[in-house]
Each structure stands twice: as structure tokens, then as C-alpha cells.
Amino acid sequence: MNNAKCSILNQIPRRRKRIIQCVYVVGFMDLFGVSMIIPLLSHHVKALGASPTVAGLVGSTYGILQLFSSTIVGSWSDVVGRRYSMLTCLLLSALGYGLLGMSTSISLFVLARIPVGLFKHSLSICRALLSDLVSEAERPLVMGHFNAASSVGFILGPVVGGYLTEHEGGFYTSSFTCAAIFLLNTGLVWLLPWSDALTPRANANYNSRASKASCHVNDNHVTSTQQNSSHGNSNNHTIASGPAVTESGAPETNQRVWSWDLDWGEVSLLQPAWRQLSSVGSKIRTVASSDMWDLFLVRLLMAIAIMLYYSNFSLAMEERFMLKPKATGYLISYSSTLGALAGCLVGPVTKLYGNDMPALLLHSTVLTCCLILLYAMAPSVWHVLLSSTFFAISTTIGRTCITDLELQKGGAHASGTLIGAGQSVTAVGRVLAPLLSGLAQEFSPCGPPSLGVGLALAAVALLLVRVPKWDGRCKRKEAKLDKTHRE
């Protein structure tokens, strides 16, 4: 009880806290560098002589590659370890942005986007690493702070990128600067105190995790965890020589979480490629066969709804309220800043809900749906300002909740695979949202957010049906655990 009243950050060991703070810096610099480039890409493609159709096709290359590579790279990080997977992604992303700085033709531009589209998953691996380093109770707060740090980088990056483009060869300067930032991130990741992460982490919240997290973990997770534990012991990556049995009949290894796989993974990076691919495929099949379709569907519906909210925001403000682009830009910056600050609210709100993430996800989804409806029916700019204020907060909390629930249901042993799969689902939304937005705008400037309201309502209805089943499953497994301990 006393631990619950203490600050969550103070519960994290000091050595591990150093790694977490360094990961925050990596996330900030990552999005800072990327956001320098994003606003300039379309202008550069047109400057190279591409037609609007070709520019659209070239622009979709990144999204399509991300769609197929997110889950694979995330699973690969589970297999070979966070350190080497993150170093590989950062180096190849730096290569891609360096090539972008030398792109003087459409073909070179497309070539530069390929390594970035395939390996720009450093943020996903950072989230998986944070999930490995902290307990379930600490995870929402740490993830919220990481999202806040990354969002600040995304806000400041366009300012620096815009300043650099005012000079001759500004796009190329921005591209090389971005590549240098990724190289700097590579050095930072290499110098992280990984030896601190290799020490065993006592699970102070074991009882709560046994009663809550196990409610969502399927039989495949239990089998995979046992296999991974025996594999790690056979390769002498852990200190324990084998799973000792306690008086309650439970293996002692369940009382302690080992972080050896952060550095070395389950399979060495030097192992044959077929063995790595086999392990990756096994993890992806485990996630695909798990009962997580509801969470992924909620993620997809809400991702499309949020993208529809922003899809024609500037044009709608001009047509509905005669708002100038400059004023709209201020409004978007205000919303983005609130979204970054909202990351710091995730921890306190989660504590307020008693770590009841399904209830928090349901309520944040309902609030997001209402705010999209308010924006679609707003009679004045002040109503839009009101919706934007709370929309940034509700979506930030909702994204953290959905990620946390995916990790709870899928298990920490496959955090990279789960986060990668979530990013792939979001990438599907990025492909569908522009198409749906274009169709909806044929009817009204309010068409995209109105369609977003419908999709958000579908997500709310799905959660209303599934959340009681999650709770029922939790109670049944709690009763089963209590019976096992009594025996």
C-alpha cells in the first residue's frame, strides 16, 4: 500500500532510470529530425518535375513499406534484442535521409525512401524497450512521458526546417542535418548503459500483474514464455540455472523478470538468417492467432476517425469560418502543444482510474467521439477551439491506453511484435483515411469529421460489448489462480 502511494518514478531503480531518460532523448531527437523533412517533401518532389499523380504515388511509398515492415521489424527486435535492432534501424534510416540529401531526380528520391520506409521503426523499438524496463503499473506513466518528449520534437522540427529552407539548398541541408541527428542517436544508443538492463529486475508489482495481466494473456503466451525461459537458461543468459519451484507450486522464475533479452535477444544477431526469420514468423503467428482482433479493430477505427478530423482541417476552417491559413496554423500548433503536454497527464489519470485501462480506454473513446461531433457541428471558431483543446488530451490518453492493453493481452515477451502490429494497423488507417476523406468532401466540408463520428461510435459500441467480456475473463482467471494457490 505504501508503494502505491509513492511516486511511480521513484520506484524505478536509479540505473534503469538513466536508460529511460536516454530513451526520452532518442525519441525527441528522432521526431525532431523527421519533422524537419516532412513539410518539405511534397515541394521537393514537385521541384524535381513530378506530376501530381507521380508525386502522390511517390508519397505513398513510405506508408506502404511501413505497413508491411512494422510488424516484421518489431518482431525481429524481440528475437535479436532491442540494442542491435535499434542500432540497425537508426543507421539505415540515417542512410536513407543522407540519400535524400543527394536526390536530384525522382528515381533517387524513391530510392532514398526505401530504407526509411523499411527501417524507420526506432520509436516503436523505443516503446518496446520501455515496456521491458518497467512494470505494468509504471508503464502508462513512462509511455506518456516518452510520447510527450517525442511530440515536443515534432513541434520544434518544422520551425528549424522552415528556417533552413529559406537559404539556398535548404532541403538538402535539412536532409543532411536529419541524417546527422540519426547518426547522433545511433551513438547515444550504442553508449547506453545496457549492462544495467541486464541485471534482474525484481517485480514489486507481481501480485497485481498476476491478477490483471494474466487475465488477458492467452495459452500461447504461457507456452511461449516457458519456452523462452528454458531457452534463455540453456544459453546461460540469466543468472538462475533453472526454474525453482516454490511452496505454492509456481515456478520461482515467475517472481522475477529478467531483462537479458534487451541486449542479446532470444537469437544472436550472428545466427543464420533462416533461424532469425523462423523466430520472427513464430512470434507473428502467435500474435495473429491470439484473441486481440477487438483491440486492433478499435485502433483502426479510431485512427481513421482522428485522421478524418485533421484531413481537411485548414480548408474547412476557411470555407466554414473564413479563417486565414495563418490563424489555422496557430490553432493546429496550439492543439499539438496540448497533445505533447497531455502525455504528462497519462500517469495521474491512470492512477485515478486505479489502472483500469479498459474503462479508461472506453471513456476516452466516448470523449473523442463527442469532440469530433462538436467540431463537425461547430457554429463558431470558439467551439472548434474548445473541441481542439480536449481532443488533443483525449487522443493522447487513448493512444497510450490502446498500446498498454495490447501489451497486457499479448504479453511482455512479444512487446516489439505487438507494438509493430499496432503500427501496421495505424498504417492501414493512413492509407484509407485520405480516400474516405475525399469521398466525404464531395458532399460537405463537414463530411470527413461526420464520417469520423460514425467510425468512433462503432469503436464505442465494440468496446461496450467487449470490455465486460475482458472483465469476466479476468475474474475467471483470478478465481483459477486463487484455487491453484490454495491447493
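For all residues, glycine too, the Cβ spot is worked out from N, Cα and C.
Annotation comment: TrEMBL describes 19-473 as domain 'Major facilitator superfamily (MFS) profile'. Averaged across the domain 'Major facilitator superfamily (MFS) profile' (19-473), pLDDT for the predicted model comes to 80.
Long-range contacts of the transmembrane segment (21-42) within the same chain, counting only residues at least 6 positions beyond its ends with a Cβ under 8 Å from a Cβ of the stretch, are 55, 59, 97, 100, 120, 122-123, 126, 129-130, 145-146, 149-158, 160-162, 164-165, 170-171, 174-175, 177-178, 181-182, 184-185, 188-189, 192. Among the features that TrEMBL reports, transmembrane segment is placed at 21-42 (among others).
Annotation comment: TrEMBL describes 54-77 (among others) as transmembrane segment.
Annotation source TrEMBL lists transmembrane segment at 84-100 (among others).
Per TrEMBL, the feature transmembrane segment maps to 142-164 (among others).
Per TrEMBL, transmembrane segment is recorded for 170-192 (among others). Residues 19, 22, 25-26, 29-30, 32-34, 36-37, 40, 43-44, 47, 83, 86-87, 90-91, 93-95, 97-98, 100-103, 122, 160-161, 164 of the same chain sit 6 or more residues outside the transmembrane segment (170-192) yet have a Cβ under 8 Å from a Cβ within it.
Look at TrEMBL and you will find 221-250 tagged as region 'Disordered'.
The feature compositional bias 'Low complexity' is assigned by TrEMBL to 223-238.
If you look up TrEMBL, you'll see 292-311 (among others) marked as transmembrane segment. Within the same chain, residues 361, 365, 368-369, 372, 375, 391, 395, 398, 402, 405-406, 409-410, 421-422, 425-426, 428-430, 432-434, 436-437, 440, 448-449, 451-453, 455-456, 458-459, 462-463, 466 sit at least 6 positions outside the transmembrane segment (292-311) and bring their C-beta atoms closer than 8 Å to a C-beta of that stretch.
If you look at the transmembrane segment (331-353), the same-chain residues 6 or more away from its ends with a CB under 8 A from one of its CBs are 8, 140-141, 143-149, 151-152, 154-155, 313-314, 317, 323, 359-360, 384-385, 388-389, 391-393, 395-397, 400. Summarising the annotation, TrEMBL assigns transmembrane segment to 331-353 (among others).
Non-local neighbours of the transmembrane segment (360-378) in the same chain are 298, 302, 305-306, 308-309, 320, 349-350, 353, 384, 386-388, 390-391, 394-395, 397-398, 401-402, 405, 446, 449-450, 452-453, 456-457, 459-460, 463-464, 467; each lies 6+ residues outside the stretch with a CB under 8 Å from one of its CB atoms. The feature transmembrane segment is assigned by TrEMBL to 360-378 (among others).
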Contact set, same chain, for the transmembrane segment (84-100): CB under 8 Å, 6 or more residues outside the stretch: 33, 37, 73, 76-77, 108-109, 111-116, 118-122, 125-126, 129, 175-176, 178-180, 182-183, 185-186, 189-190, 265, 269, 416
